[in-house]
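Here is what Swiss-Prot records for this protein:
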ACT_SITE  Lys27  active site
BINDING   Pro110, Ile111, Gly112, Gly113, Gly114, Val115, Gly116, Gly117, Gly118, Ser119, Ser120  ATP binding site
ACT_SITE  Asp152  active site
Amino acid sequence: MKNYQFSTALLSSQIQGKKLRFPCPAKINLFLYITSQRSDGYHELQTLFQFLNFGDWLSIEIRTDGKIILTPEIPHLKNEDNLIYRAAKLLQQKTGCTLGANLHLDKILPIGGGVGGGSSNAATALVALNYLWNTQLSLSTLAEIGLQLGADVPVFVYGKAAFAEGVGEKLTFCQPPQKWFLVLKPETSISTAIIFKDSNLPRNTSKRPLAELLTTKYENDCEKVVLNHYSEVEEALGWLLQYAPARLTGTGACVFAEFANEQAAQSAFLDKPEKYVGFVAQGTNISPLHQMIEYLSQQKQTLCLPNNTNSRG
């Protein structure tokens with residue numbers, strides 16, 4: 001896996017005439033507690049999302065014919081079912097925008113790792129196209145659209161580290177320490193359904209205020225159940241624990257260790273067994289996507305072709 005991080009210099013270098021490359025950052029769950037199971041089967045939780053300065057890239061070039069062209073195609077997945085394509089079409093439908101786009105995804109994050117790759121891709125499509133098409137929807141409206149695509153998409157749309165409650169829909173923005181992380185992807189994929197159906201999964205962890213949670217040891221209620229089902233995750237986590245405090249993110253499969261500085265994280269990364277893909281990144285409380293949008297706005301870099309007179313808020 002490519003090992004580089006988003007940076008201000010890297011983001012600013014993505015300006016390429018009428019084509020831009022927008023970051024789709026990874027996220028980790030610094031903690032995750034399951035507080036109850038509702039009558040409809042959904043689980044209520046308390047979790048803390050933080051972005052990483054590492055992720056996929058989505059290249060966008062505006063079209064005037066209204067077509068949405070997405071490359072490359074993913075085997076066994078029609079483009080019409082891809083979250084990026086669906087995000088673009090939903091934005092067109094919501095605003096009446098007559099512009100289109102060529103979209104190209106440079107996939108770097110591991111698929112099925114629990115670091116939010118698909119949700120981040122969809123959010124980047126919404127936020128970036130809203131900027132480029134000049135459709136001028138608010139972040140809250142974009143988040144409502146994003147919720148149709150996935151429960152985690154609104155977090156990426158808002159672009160701020162957040163404490164989530166309920167089934168993930170209640171967000172409180174916050175600023176946890178921006179530590180360095182080594183993230184590993186074991187050679188397995190997790191079935192979320194298996195984890196949440198397991199009778200050993202904690203479902204009654206006491207709800208606590210954010211201030212208390214931020215000052216206590218971070219844990220993940222899904223971790224023990226995942227380790228019981230997936231020995232590959234248990235092995236990867238055990239390796240990380242030799243170097244630093246480590247946990248599962250979400251329901252996995254990715255695990256991460258936290259370090260006080262980049263040097264310590266990179267040193268551990270160099271010892272990584274070859275069978276693991278992984279990367280070193282720093283936590284960031286402002287999404288690199290929003291950092292780039294802010295940079296473009298300051299530079300008055302306008303890539304909308306004709307003004308989109310058919311848009312509406």
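Just so you know, the numbers here start at 1 and follow the chain as drawn.
Using N, Cα and C of the backbone, Cβ positions are placed for all residues, glycine too.
Model, not experiment: these values are computed from the prediction.
Where Swiss-Prot records a feature, it is marked here on the structure.
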residue : record           : contacts (Cβ under 8 Å, 6+ apart)
Lys27   : active site      : Phe49, Gln50, Phe51, Leu52, Val115, Gly116, Ser120, Asp152, Val155, Phe156, Thr249
Gly112  : ATP binding site : Ser189, Ile190, Ala253
Gly114  : ATP binding site : Asn29, Ile190, Leu248, Thr249, Gly250, Thr251, Gly252, Ala253, Cys254
Gly118  : ATP binding site : Leu83, Gly150
Requested in this report: Would you mind checking how many other C-beta atoms are within 10 angstroms of the C-beta on Ser120 (ATP binding site)?
Outcome: 30
Query - Site with most surrounding Cβ atoms, counting all protein chains shown within 10 Å, from the binding-site residues Pro110, Gly116 - result: Gly116
Query raised in the report: Within 8 Å of the Cβ centre of Pro110, Ile111, Gly112, Gly113, Gly114, Val115, Gly116, Gly117, Gly118, Ser119, Ser120, which other residues of the chain have their Cβ, at the recorded ATP site?
Result: Ala26, Leu109, Cys254
Report task. For Lys27 (active site), just give me the three-state DSSP call. Result -> strand
**Report entry** Where Ser120 (ATP binding site) falls in three-state DSSP terms
**Finding:** helix
Report summary line: Using a 10 Å radius on the Cβ of Asp152 (active site), the other Cβ atoms enclosed count 22
Report task. With H, G and I counted as helix, E and B as strand and the rest as coil, say where DSSP puts Asp152 (active site). Result -> coil
Query raised in the report: Can you check what DSSP calls Gly114 (ATP binding site), collapsed to helix, strand or coil?
Result: coil
